[in-house]
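Taken from TrEMBL as is:
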type     : residues : note
DOMAIN   : 331-384  : domain 'HAMP'
DOMAIN   : 448-500  : domain 'HAMP'
DOMAIN   : 505-734  : domain 'Methyl-accepting transducer'
REGION   : 386-443  : region 'Disordered'
TRANSMEM : 12-33    : transmembrane segment
TRANSMEM : 307-327  : transmembrane segment
Amino acid sequence: MNISLKTVSGQLILAAGVIISVIVVGITAFNGWRTSEKVNSRILQQATDRAEWAADQVSLLVTEATSTGLALSGMIEGYIGTDQAQGAEIISMLEDVPMQFDNLFSSWMSVIPGSAASTLIHGEEGLNPAGFFTPYWTKNASGGLDFQTFEVDESQEWFAEPVRTGKSLITEPYRTNEGRLMTSVSVPVRHNGEIIGVAGVDITLAHLTDLLTNMKIFGDSRMALVDSNGKWLTHQTPERLMQLYEGVGTQEVKAALGDGQVRIIRGLPDGVTRLVYPFSANGMNRTWAMILDVPRDVFAAPVRQEVLLNVVTGVLILVLTLGTIFISSHRKVRLPLAAMLEDVNALADGNYEQDVSGTERRDEIGTMAHSLESLRQTLYANRGLEKEQQRLRDEAEQARAHRLAEEDRQREDAAERARQEQIREQQARDAKEASRQQEEAERAARAAELSRVIDFLANALQGLAEGNMDVKIAERFNAAYDPLRINFNQTVDQLSELVFSIGNATGEINDGAQQITGAISDLSRQTEGNAATLEETATALNELTASVQSAAQNAHQANTLVSETSKQAQNTSKVVEDTVMAMEEIKSSSTQISKIISVIDDIAFQTNLLALNAGVEAARAGEAGRGFAVVASEVRELAQRSSGAAREINDLIVKSGNQVLNGVEKVTTTGESLQAIFQSIATISDLIRDIAASSNEQASGISEINEAVNQIDRAQQRNAATSEETTSACTILSMQADALSDLVAKFQTGKSNPAVSSGLG
């Protein structure tokens, strides 16, 4: 099926295709850009949330270690304050600490050389070769504990800073001789306000590498950790551990560690986007940073999916719309109008026998077909009248030709008779000349006969001059003059026949003119009827135009309804955004609760240590402190139960936070779906506007058909004018025929007057 761009349907399909293609390309580009912005924002927000969560996990571990160090220091201070401190008891206190948490590798204490600690702590246990109390418990490979002492290097950070500042310290991460990556929590131990030593715990960071390496947030994403100096604490490549951060984003990492603000690093190989999330924790006097690498596909895949979805949707809309417009315009406009155009061309070519198609339709085109069929029937009837008029004209022309031929024949006969008469006269003269003598004798007789003949002829000619055609001479002349009588009578008969034929022809001409006048009058009336029919056709076309315009108005109303639906979709999108904000607040509250639970866990741990300290004091009190020891044991058990419950609550809060994050993602997806629906509604609104424009073009096409009908109307008016001219010509012909009839009426032929008697003379 060929589509011509010169037709209304072809132009409609072309215009719709171009408009929809431009709309689809524009919407796809806009949605791609908007989706890219949204995806970037959403992915970065999710990356920030996950980095924050990972930082919270690290902070929790550091807080646990810090709290443990503070509790251990407080317990030792309380025990030394009894002035009966035994090194063995302190070693026992230290022994219980590493097994409290998986990330604690060791617990230790070191007195300050030359301080009062040497006199406050009694016993030989825990003394290093230099004689200083430096007990050190470490975990071994089998899960047990090993005890040893160590040499004191007063220049080391873990020792010098707490002694100098009097505050607890988390050291910079370091590698041990065994290759373990660790950091230490060092807390000063006081007695009567004087720092006599430091106590603390060592935290192993090995499990952080496993935790962050196995944390796949965005598929192939990678998470790592750097310390306050920019050294890698965790990395996928073990050789990079404790090496400085180098390469793209070095300045951003330093800036983030300096001001504590999140930084985004772009331009990495393979299009990776790097998030730098600095953080700190209670008791942590340093700023570390989580490093999260987000692959390019995490940003690009949703955009490609959205663009592909928009392209597929746009192509489907384009194909369905063009198919619908093509089928509708082809079946409802092109085919009916083409059939009607063929019928109009057939009428223009004079083919009035073929019926007009489409009269069975009940729409505006059917009304036009009915009007055109009425016009065809009228023109077909007029063709019969024209044939009748032509037949009458042919008969009149034949009668006129016959009359002219008869007149020519009569003139030739008259000329022949005159010639014969001349011959006879010449013969008579010759005879007279030859027989003059005889004629002289007979002259008198002939003179009398001639006088009688002349009298008869004079009377007959007089009657003929008066219009009496019945003046034949009945009485015979003598042999010499009788041929003259016969010739005269023959001439009168021929003239009478000629006048009678002229009278009959005049009557026939008059009757034919009257018939032509009547036929022309009928044709004029039918032409007027055709004009009325054409006027009705024009009215039907106007009604069809009004219907098409009404359809365009309905399309505009539908566009208004779609706009209202779009506004409602926008309101729904606003509700989804509010829901996302509420869930973000829930997530933030969950994070705060998690931190509070962490504090509760710390308090429970400290309570446990204090209960342990109280148990030690009760044991020192002997029998008098037995009841207090029981209470301390119960308090310690309650503290352990509180710590376990706090950990369970923290796990639940973490799971709840993850579920809230999933909920935020789903609600965000819902919002994007609503936004896609809103964009589809906008596309439908544009299509409805295009349909309204197409309806206007249909109205323009129907106006062209109306103009063609008006041209036919003008042709009918010209036919009416021609009919009037023909009527006028027939009237003049009838008048001339009447005048000729009057002239013929002056002659009295034998059919109405008797023959001229012999008494004429």
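Heads up, the Cβ atoms here are built off N, Cα and C, so glycines get one too.
Looking at the domain 'HAMP' (331-384) alone, the prediction's average pLDDT is 74. Across the domain 'HAMP' (448-500), DSSP assigns 37 helix, 1 strand, 15 coil. DSSP states for the region 'Disordered' (386-443), grouped as helix (H, G, I), strand (E, B) and coil, give 57 helix, 0 strand, 1 coil.
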